[in-house]
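*Asks:* Taken from Swiss-Prot, the feature disulfide bond applies to Cys70-Cys110, Cys87-Cys115, Cys105-Cys124, supported by similarity to another entry. According to Swiss-Prot, the N-linked glycosylation site annotation covers Asn35, Asn55, Asn65, Asn72, Asn78, Asn104, Asn112, Asn118. The signal peptide feature in Swiss-Prot is assigned to 1-21.
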Amino acid sequence: MAHKIAIGLVCVLYALHIMSAVCEVSEQEGVGEDNATEDEDYEDFFKPVTCYFANSTVGPLRPPNCTVVCTNNTAWWNDTKSDGGHCYSEYRPEKRTHSREIYNCTIGVCGNGTCIANHTYADCW
C-alpha cells in the first residue's frame, strides 16, 4: 500500500511540474516585443550576405574605389579591400544598365583604396 501511495505522490508532483512549466511559457508569450529573447537578438547574424561585384572573365571585380556594398536583408555596409583585390578602373555607366551585355573593361589591382590600372583587359558584364 505504501508503494502505491509513493507512486501516486510522484505522479502528482510530476503533473504539477508540467503544469507550472506550461503556465510560465504562456505567460511569457503575452509579453511585449521589448523583452526579446536571446534567440531573436542573434537571428539577423545568420541571414545570407549579398555583396555587389561586377562580373568578368577574371572573376568578381570591385568598383574603382575598391569598396563593395554588402547587405544581409537587415543592414547595409561597405566592404573595403585596401590592397591586392581585383577591380575595374574604367566605369561606363551606359553599360551598367544592360547587365547581360558583355563589354571590354580595364582591370587593375586595389591599392590604398583606389583601383590602379595594370593595363590589362577582361570581358565584363
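Glycine too: its Cβ is placed from the backbone N, Cα and C atoms.
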*Asks:* Of the recorded positions Asn55, Asn65, Cys105, which sits closest to Cys115 (disulfide bond) by Cα distance?
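*Replies:* Its closest listed neighbour, by Cα, is Asn65.
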*Asks:* Roughly how many Å lie between the Cα atoms of Asn72 (N-linked glycosylation site) and Asn78 (N-linked glycosylation site), rounded to a whole value?
*Replies:* 12
*Asks:* List, in sequence order, those recorded positions among Asn55, Cys70, Cys87, Asn104, Cys105, Asn112 whose Cα sits within 10 Å of the Cα of Asn78 (N-linked glycosylation site).
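*Replies:* Taking Asn55, Cys70, Cys87, Asn104, Cys105, Asn112 one by one, the ones whose Cα falls within 10 Å of Asn78 (N-linked glycosylation site) are Cys70.
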*Asks:* CB neighbours of Cys87 (disulfide bond) within 10 A?
*Replies:* 26
*Asks:* Which of the three DSSP-derived classes (helix, strand, coil) applies to Asn72 (N-linked glycosylation site)?
*Replies:* coil
*Asks:* Fewest neighbouring Cβ atoms within 10 Å: which of the disulfide-bonded residues Cys70, Cys115?
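*Replies:* Each of the disulfide-bonded residues Cys70, Cys115 was scored by Cβ atoms within 10 Å; lowest is Cys70.
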*Asks:* Taking just the CA atoms, what is the gap between Cys124 (disulfide bond) and Asn112 (N-linked glycosylation site) in Å?
*Replies:* 23
*Asks:* How many other Cβ atoms sit within 10 Å of the Cβ of Asn55 (N-linked glycosylation site)?
*Replies:* 15
*Asks:* Quick one: what's DSSP say for Cys115 (disulfide bond), helix, strand or coil?
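*Replies:* Once the DSSP labels are grouped into three classes, Cys115 (disulfide bond) ends up as strand.
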